[in-house]
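Asks: My questions will all concern the structure given below.
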Amino acid sequence: MTQEKWGLLCQKLLKTVGQNNFTTWIEPLEFQALENGVAVFTVPTNFMGNYVSQNFSDLILYELNNAGEAVQRLAFRVAANSPMRPARAARPAAAAAAAAAAVEAPQVSAPRATDTSDVLDGLQAAPLDPRFTFDSFVVGKPNELAHAAARRVSEGGPVTFNPLVLYGGVGLGKTHLMHAIAWELKVKRPELNVLYLSAEQFMYRFVQALRERRMMDFKHLFRSVDVLMVDDVQFIAGKDSTQEEFFHTFNALVDQNKQIIISADRAPGEIKDLEDRVKSRLQCGLVVDLHPTDYELRLGILQTKVQMYRTTYPDLVIADGVLEFLAHRISTNVRVLEGALTRLFAFASLVGREIDMELTQDCLADVLRASERKITVEEIQRKVSDYYNIRLSDIIGPKRLRSYARPRQVAMYLCKQLTSRSLPEIGRRFGGRDHTTVMHGVKRIEELKLTDGQIAEDVEMLRRALEA
Ligand SMILES: Nc1ncnc2c1ncn2[C@@H]1O[C@H](COP(=O)(O)OP(=O)(O)OP(=O)(O)O)[C@@H](O)[C@H]1O
């Protein structure tokens with residue numbers, strides 16, 4: 001990090017801590033160097049180093065990381081020429097050594113075998129992946145609404161929908177879109193404090209603050225951001241104190257008209273063990289769904305990735321039909337699709353062969369086998385609820401009315417037939433039901449298929465729709 005960059009960060013710190021605190025504590029800090037993740041500052045006195053590390057280190061770390069510097073901790077050294085530093089010769093050797101040693105921030109001081117503070121301090125703001133930009137995001141029918149909403153938020157204009165909630169199954173691009181928003185805001189509105197972190201990191205930060213009795217710092221930090229992005233919010237479900245703190249943070253930011261962006265693996269109303277008040281707050285803004293990819297989107301993603309790979313492997317040749325084959329066969333999630341392509345390119349470049357169908361099938365045999373059973377429990381639940389025109393929450397929820405119970409049993413049956421999930425796992429996905437309930441449901445549908453033509457037809461139609 002350069003002195004200029006530190007100067008720019010100081011302007012942000014001034015805004016957050018106020019003129020008095022800034023003049024007394026921040027201005028006297030001199031940035032020295034960034035060494036192996038440690039930002040070293042000189043301070044006029046030991047006392048000042050201790051004070052800053054206890055009261056402002058969270059904030060400084062946050063700003064440094066937010067500015068793209070990978071800093072895990074801060075160290076404060078008393079300046080050798082400080083007028084306030086006692087002459088070296090006048091002090092006993094031990095005291096001199098102690099004074100010369102770095103004053104480390106207490107929560108990140110020497111590694112302690114049983115302490116996770118060091119790890120937790122690295123979680124100020126999760127780093128943004130440089131590959132996850134809007135340019136590299138391929139838009140198709142299943143994600144066009146989510147993309148449009150993300151684009152709008154990334155303009156950093158007046159807050160129109162708060163929060164923006166992006167939800168969808170594994171590997172469908174939620175994190176990619178959140179990072180893309182953050183990158184775009186960095187360019188368009190560099191003065192904004194944008195904090196991206198996972199819900200898990202939010203919890204660790206909260207627990208750390210509680211343990212170190214630094215809740216005021218924590219609250220101050222989270223309430224001073226302009227845009228807060230929390231990824232995978234379902235993680236805090238069932239964690240009561242974290243949910244409560246999240247709720248207060250959320251309200252404080254919304255009151256200040258600060259933008260909040262959340263991602264989750266399902267719609268807020270369907271996240272089990274998420275407090276109702278949190279659910280209802282999340283539902284206040286714009287909730288958009290990233291649907292499972294369709295064939296065209298997968299093909300588009302593959303073509304885009306191939307263009308990118310061409311810069312690394314300019315000589316590789318892909319035979320006609322290979323990308324279409326992959327887009328057709330690997331429909332689990334985009335992460336798997338990308339992984340398959342990476343492996344294929346690496347393999348072909350190692351053996352110096354053209355990528356044709358034979359090489360693809362050899363190299364990706366396991367991936368292709370695994371994705372034969374590609375349908376997820378969530379997709380089945382969604383399709384069944386659409387088919388019977390009932391809400392997804394009624395498929396998962398406790399209601400026993402026949403109009404919900406029968407579709408639920410159909411969904412359980414299809415999960416057993418079309419996924420590799422065990423009965424207890426399926427039960428868990430259906431609102432925490434016991435495996436015997438699933439077993440009963442599956443058996444009931446097997447019987448009905450033989451005696452009830454309508455059920456047999458429903459099951460067949462759904463199976464075909466899911467396998468399409
Ligand atoms: N539409 C898309 N265009 C280009 N790449 C995509 C698209 N959707 C997903 N990806 C890629 O797929 C991978 C997984 O995406 P991402 O991590 O955003 O998924 P996610 O929805 O956050 O998943 P999880 O639920 O596991 O957190 C990333 O490498 C991402 O770049």
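Cβ from N, Cα, C; glycine included.
Pulled from Swiss-Prot, these are the listed features:
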BINDING   G171, G173, K174, T175  ATP binding site
REGION    1-90  region 'Domain I, interacts with DnaA modulators'
REGION    91-126  region 'Domain II'
REGION    127-348  region 'Domain III, AAA+ region'
REGION    349-468  region 'Domain IV, binds dsDNA'
Asks: Looking at Cβ-Cβ distances, which residues of the chain lie under 8 angstroms from G171 (ATP binding site) while being 6 or more apart from it?
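Replies: Result: T332, N333, V334, R335, V336.
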Asks: Which residue counts does DSSP yield for the region 'Domain I, interacts with DnaA modulators' (1-90) in the helix, strand and coil classes, in that order?
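Replies: Grouping H, G, I as helix and E, B as strand yields 46 helix, 18 strand, 26 coil.
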Asks: Other than G171, G173, K174, T175, which residues of the chain come within 8 Å of the ATP site, judged by Cβ distance to the Cβ centroid of those residues?
Replies: G168, V170, L172, H176, L177, S263, L290, V334, R335
Asks: Using Cβ atoms only, which residues of the same chain lie under 8 Å from K174 (ATP binding site) while being at least 6 residues apart in sequence?
Replies: A146, L166, Y167, G168, D231, S263, L290
Asks: Among the binding-site residues listed here, G173, T175, which has the most company in the form of other Cβ atoms within 10 Å of its Cβ?
Replies: G173
